[in-house]
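Written below as structure tokens is the structure these notes are about.
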Amino acid sequence: MSLFLYRANLPRNMIENSMFEEEPDVVDLAKDSAAFPTFPALDPDEVAYEPRSSRLLVRGLGENDMDEDEEDCESSARLLGMSFMNRSSAHRSNSSPYTRQAPPRSCSRPSARTMVVCVLFLVIVASMTMVLYFLPGCTFTKTGCRKENKTTPIEPPFPWSQFRLPHSIRPLSYDLTLNPDLDNMNFTGSTVIKMVVLHNTKRIVLHSANLNISKATFKLDDGEASDVTVLEYKPRQQIALNFSEELKAGQYCVLTLDYSANLSHTYDGFYNSSYTDKDGNKRVLAATQFEPLSARKAFPCFDEPAFKATFLIKINRKPDYMTLSNMPKAKTTPLNNGLVQDEFEMTSVNMSTYLVAFIVGNFTPVSKNVSEILVSVYSVPEKKEHTDYALDAASKLLDFYNDFFEINFPLKKLDLIAIPDFLAGAMENWGLITFRETSLLVGKQSSPLEKQVVASVIAHELAHQWFGNLVTMSWWNDLWLNEGFATYMQYMSLQTVLPQLDIGNLFLAVRFRALDKDALNSSHAVSTAVNSPEQVEEMFDSVSYEKGASILLMLNASLSGDQQFRKGIIQYLKQFSGLNTDTNDLWNSLTQVSTQHQNVSEMMSSWTSQKGFPLVTVSRKGDQVTLTQEHFLLTSDNATHTSSLWNIPVTYVSDNCSLAPECRQLFTLKTKSGTFKVPESVKWLKLNYRNTGFYIVHYGDDGWAALRDALANDVSVLTHEDRASLIHNIFALSRLGRVSFRHVLNLLNYISNETETSPVTEALLQLNKIYQLLDKRQEYSLVARMKTYILHHFGSLMDKQTWEEQESVSKQELRSALLETACGLDDENCTQQAKALFKQYVDSNATSRIPGDLQQVVFNVAAQSAEDWPTLLNLYGHATYDAEKRKMLRGLASTQDARKIVWILKAGLKGNLIQTQELPLVISTVCKGFAGYLFAWDFIQENWDRLIEKFPVGSFAIQTIINSATSQFSTQAHLDQVQGFFSSLKERGSQMRSVQEALETIRLNKRWMEKNLRTLQKWL
Ligand SMILES: [Zn+2]
């Protein structure tokens, strides 16, 4: 999955629980079933005795048990979305008026005798009532009850008490038939699951959420299918079958479940979505988003990544819709109710449930054959002309990966589809990748920056077809194997396939942000225990994605031998193709191909098994250089220390040779400290060459001074990545309290000579953070001085920027960062230009062009004027091109008019004019401005329950919302408020890692401010 990232604004973040013991997973079926360890027998301690909360879904009903009335009743219940089972409890409550009958009136004026009579009467009534209550509902029906109902009048307890499913049963194949009804926004389905028994067991446990199961049959080996009782435990979204006889290892069985459900109104499961077409008509569609835990909302299944199986999918639809799924369509058959059935080929590979996908709606494709694979890009019909770029990029990238991994994409077709209403950036469903429109569609005139977004999301999702789909992590604790890899491959492949997109600056910025997050005590290890749905959601964060990618880059850069990294991953993909793995499997594969017997496992496990990263401190005496490492831990509590050590491939260059890759020296620091020698004539050292390592360096006063002098003389003595990394590192050290802010400003003195993108954007981002904090603390005189400082140091660069089309991506990135800052600080030159461009745009009826990289700054400036804001809103309402539309929305949300801010927040929640998928973007934009950040914080508190209805607790969207709303607080009063609010949430979110992160960030802000306000007053 690709998260939807806002440039230079990556939010996110803990809790480590020990994982419960797993059952043995591998079984030799050839052995006598009694010989291998059976699945642990049902230990009374292990069973969740929750007879009231486990709901009996399906009672054993024989085939002839229903009369016509009952059948009618069942089908209408299905239509109403009620489960058949509920009906039997409805029967029960029909008979229950007895229990609520008022006592006889004669008792109202009691004599002693009547009292006795009354009491006796009450006792009789009460006992009869109890008898009636505990008798099953069928007691008084024509057909009476089946035996088991009579013998087990109390619902059996749910037979499983853990979050993870037992491993005694393995699903082999699913046969799904779905009947989505887009008029009524519901669906019925039938799922046939073929399974094999791995260990003797008396139960089958699988997942199901919000499905009303109406019928369940079970068939063992060649036996007859018979109706079975399904138990449900809603809090864990599990259902179960209990058997009186043990199922024996090696037996095969088939479970068939019929069910109905509503299409989901959120962004996961089988959800409905709508959009307005160019003629103003509302069009509906239904699509799926299953990762991580939502396949169970569309069909009952073993919804964990290690339960791979094959899927045969059939979808019934009206003739004027079309359907898509993972596999090519095998056939279309007319049904007798006016519908047609599309049947897709059975998946040719075993896959995890979270990768299943299907879509019903109206979409049109453009297609192309790439190495015998039919690649198609689908969009709603009116956006067809925006699909060409994606088709071209996908085709090139597919060729690249086929070649790079030496394994061909295993399916016959690959569809990429832009869904009008989609929360994540994209989702890698095998053979049917779903995207947000912004992540897939670009106009012919779109700026290279917009193309960069599209190409990187495609590159990420295509990489998943191997990393994630072909080889899958066994459990969500190793999500990074999917996401870190796809993120790394996305940058790596684009550097080769589309070098004109200049992806390097973005990757560098992303690594800086990952360091910032991982420096917090609330961070977590790359591989970390995951034992609840919220913890699964929380894994989709910068540690899994960006830190994962960063450590892979570090590994690749430190391996000797050109192709060693590639050989290692080819070995890994081939060895585990179609299987599940954990982190050690990857390191072992890389160790096996190592030419110099480098122990990759030893080195890399120090990076994946502990949170955080090292601070490397350099000290030098003559020719002797000493490096020491410690945990770079930002903490407001000075007493917190960890003894963590990393195996660090430290790289360095010096004034003798500092630019070319050959200049780079390598020193492995495994212990607390280590020394190496350099010629005494060396004036300065720069560690972490081109910032390919995941650590921060402190050079000491002398070391920093030498580097500062070198840069002041000539900026080109270091690569631009090295300059950017010095800037990032010194700000981080100031936050850690190791260097004074004066040193930061001293280093920045060279910046007016800087011309490259990454050092400038990094410096602006860091200064902007401090500016925002000062602004929100209402330190007005310092805000004014900070503004002067920025305009003074970056003014000449700002003035040099043009407002015409600019081809180079890197120059676009530089220009948009500079001009957004300048206009944001009300620089007259900038705002005048922006206003003029907006006027021209409006006067031309939106036909004249604003260069893509300048649209944001132009819309932001327009939104500050009372006159232009409504014009922009109107443009937003009519815009169809999603990338442009989002920039308009950010503009609208950047207004400093309090009433408009409140309106836009509400509109985002309501979801009509502004899609709810955009709410995290709206909130994060509002929070940046002075006028809105407190409104946004109030809004979140007031609407918390509605927010977590739309976005799951722990999800990336919720992480974004919490981070944007709280990361600029720096006072005790706000700390108390934030703490008070989140602790009141209890199970509705108080345990989230992002809450810990928010509290920590406020404490750190507060500490930094208290320490540095005086310095700022003195030096700014
Ligand atoms: Zn992904």
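Any Cβ shown, glycine's included, is placed from N, Cα and C.
Unlike curated records, TrEMBL annotations are generated automatically.
Record features, source TrEMBL:
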ACT_SITE  GLU461  active site, proton acceptor
BINDING   HIS460, HIS464, GLU483  Zn(2+) binding site
COMPBIAS  88-99  compositional bias 'Polar residues'
DOMAIN    171-355  domain 'Aminopeptidase N-like N-terminal'
DOMAIN    389-607  domain 'Peptidase M1 membrane alanine aminopeptidase'
DOMAIN    684-1003  domain 'ERAP1-like C-terminal'
REGION    88-109  region 'Disordered'
SITE      TYR545  site 'Transition state stabilizer'
TRANSMEM  115-135  transmembrane segment
Exercise. Write down the Cα-Cα distance for GLU461 (active site, proton acceptor) and GLU483 (Zn(2+) binding site), rounded and given in Å.
Key: 10
Practice problem: Restricting to the domain 'ERAP1-like C-terminal' (684-1003), report the mean pLDDT as a whole number. | Solution: 95
Exercise. Just name the winner among HIS460, HIS464 (the binding-site residues) by count of other CB atoms within 10 A of its CB.
Key: HIS460
Exercise. Would you kindly give the Cα-Cα distance separating TYR545 (site 'Transition state stabilizer') and GLU461 (active site, proton acceptor), rounded to the nearest Å?
Key: 13
Quiz item: Can you tell me how far the Cα of HIS460 (Zn(2+) binding site) sits from the Cα of TYR545 (site 'Transition state stabilizer'), in Å?
Solution: 11
Practice problem: Identify, in sequence order, the residues in the chain of TYR545 (site 'Transition state stabilizer') that are 6 or more apart from it along the sequence and have a CB within less than 8 Å of its CB; answer 'none' if there are none. | Solution: LEU3, TRP480, GLU483, GLY484, THR487, ALA514
Quiz prompt | Protein Cβ atoms within 10 Å of GLU483 (Zn(2+) binding site), excluding its own | solution = 27
Quiz item: Relative to the Cβ position of the residue listed as 'active site, proton acceptor', how many further Cβ atoms are located within 10 Å?
Solution: 29
